[in-house]
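Report on the following structure.
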Ligand SMILES: Cc1cc2nc3c(=O)[nH]c(=O)nc-3n(C[C@H](O)[C@H](O)[C@H](O)COP(=O)(O)OP(=O)(O)OC[C@H]3O[C@@H](n4cnc5c(N)ncnc54)[C@H](O)[C@@H]3O)c2cc1C
């Protein structure tokens, strides 16, 4: 018999499962339909496994520098099987946690592929969902009052560069590699591409990054891109920018050969494998959108500020609506959508307050406008910058490259953006995020006494530097 619910969520990734927990807290009878594994991309193919590999690479890179710290370890080497084992263990532990949370919230989980049906005998409105069960049992029908589509995204590929598991990979296949290649070409110097470049280079792989834009991590402040470029090159990563890859030149055999037009000149690149990291496509196909009035714009589901689609009882959140495709964004969107469904008055998301992190070595993190963006928006800006070189804790860590940069409005004194590159900045960015939420001025940030010795002193000093008052510069 068809089951009825207050809310059914299509997709149990970060956005979907967090929405389900919030719905259960609010007393909604809730179900999640998941065709692969609860936790989605973030837990199984994204944030967590990639950070586990990055951590192993960082430990290896640090161990090789042991002598600098007076730690004499001979013949440090990588056992990649163990690296993968550790990654899988962490993912497994968290996967159990998510399953437990579903049970605790009394959330029904359907293991299968869901598809939205149009008006039918079950309901005069579109939104009933047919679930093709993974275990081969008969299709289930679920009848929800409300639906949240949280079907996520998948790696974008380029025609002629489809993944084959051997020579051409996306991040999905790269995470499952059994052996490290000797060399790799990474197509795309965005956030995911640079994390891979950093990790593989730290593991000792010969890495070449080919980036179409004129700089790597082009969504970040220019000075952060420049510093990341410098530090990647110092590691030995080769980087070609303003480079348009020519997929039709791909040759596969003992490895790969591919050409790119670099600043107008055709160049050939050779490696054992190629990793295509050129963005992600929203999963909007095969989920029955054609049975609804829901609109798809630029490949993503169109929604309003409360994540309602054209069918006001069907919401969409996370990677499938485009924008900032990040796990913490998907989670918050899920919470806002559920609270709206429950008749609460959730505050809308201000995307300029979302922190973005790059977990490479060095790390980078930012919140708010870059210096150029702020200027383009017509702000008269003042900038404070402080290097980790003058921060005791950074020297103690043996990682003193990088800086904190604060962009502020000269007229109102509001902080417009904070940009960091260096040790542990992904853990430090939340202070800047809070400062933005509270509309803090650089003075207020500097007035917060930062404990000594900590890396966070760089934030206090950068805030002082906005008005030329940094102490240690
Ligand atoms: C390599 C990599 C590293 C990343 N690192 C970070 C990071 O460090 N920090 C960060 O914030 N973000 C990171 N991301 C992005 C992050 O993973 C996504 O933004 C996040 O997972 C989006 O959550 P979501 O719920 O929208 O979608 P997903 O997590 O993709 O979940 C969607 C779920 O829907 C299921 N599904 C799809 N269609 C159906 C259907 N018809 N029926 C049933 N189920 C269906 C899928 O199986 C999937 O489980 C990374 C991504 C990648 C690829």
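Every residue, even glycine, has its Cβ placed from backbone N, Cα and C.
The active site, proton acceptor annotation in TrEMBL covers 452. Every protein chain shown contributes to the tally, and the Cβ of residue 452 (active site, proton acceptor) ends up with 11 other Cβ atoms within 10 Å.
TrEMBL lists 51, 114, 151, 152, 153, 319 with the feature FAD binding site. A sphere of 10 angstroms centred on the C-beta of residue 152 (FAD binding site) encloses 26 other C-beta atoms.
Residues or ranges marked as NAD(+) binding site by TrEMBL: 188, 189, 190, 191, 192, 193, 194, 195, 211, 279. Counting Cβ atoms from all protein chains shown, residue 190 (NAD(+) binding site) has 21 others lying within 10 Å of its own Cβ.
Secondary structure at residue 47 (disulfide bond), taken from DSSP and collapsed to helix, strand or coil, is helix. What TrEMBL lists as disulfide bond is 42-47.
Residues or ranges marked as domain 'FAD/NAD(P)-binding' in TrEMBL: 5-334.
If you look up TrEMBL, you'll see 354-463 marked as domain 'Pyridine nucleotide-disulphide oxidoreductase dimerisation'. For the domain 'Pyridine nucleotide-disulphide oxidoreductase dimerisation' (354-463), the mean pLDDT of the prediction comes to 98.
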Listed in sequence order, residues not in 188, 189, 190, 191, 192, 193, 194, 195, 211, 279 with Cβ within 8 Å of the centre of the NAD(+) site Cβ atoms: 186, 196, 197, 209, 216, 217, 277
List of residues, in chain order, with Cβ under 8 A from that of residue 151 (FAD binding site) and at least 6 apart: 10, 11, 282, 283, 284, 287, 320
Neighbourhood of residue 47 (disulfide bond), C-beta criterion under 8 angstroms, separation at least six: 327
Neighbour tally for residue 192 (NAD(+) binding site), based on other Cβ positions within 10 Å of its Cβ: 22
Distance, residue 152 (FAD binding site) to residue 42 (disulfide bond) (CA atoms, angstrom): 10
Secondary structure of residue 194 (NAD(+) binding site) (DSSP, helix/strand/coil): helix
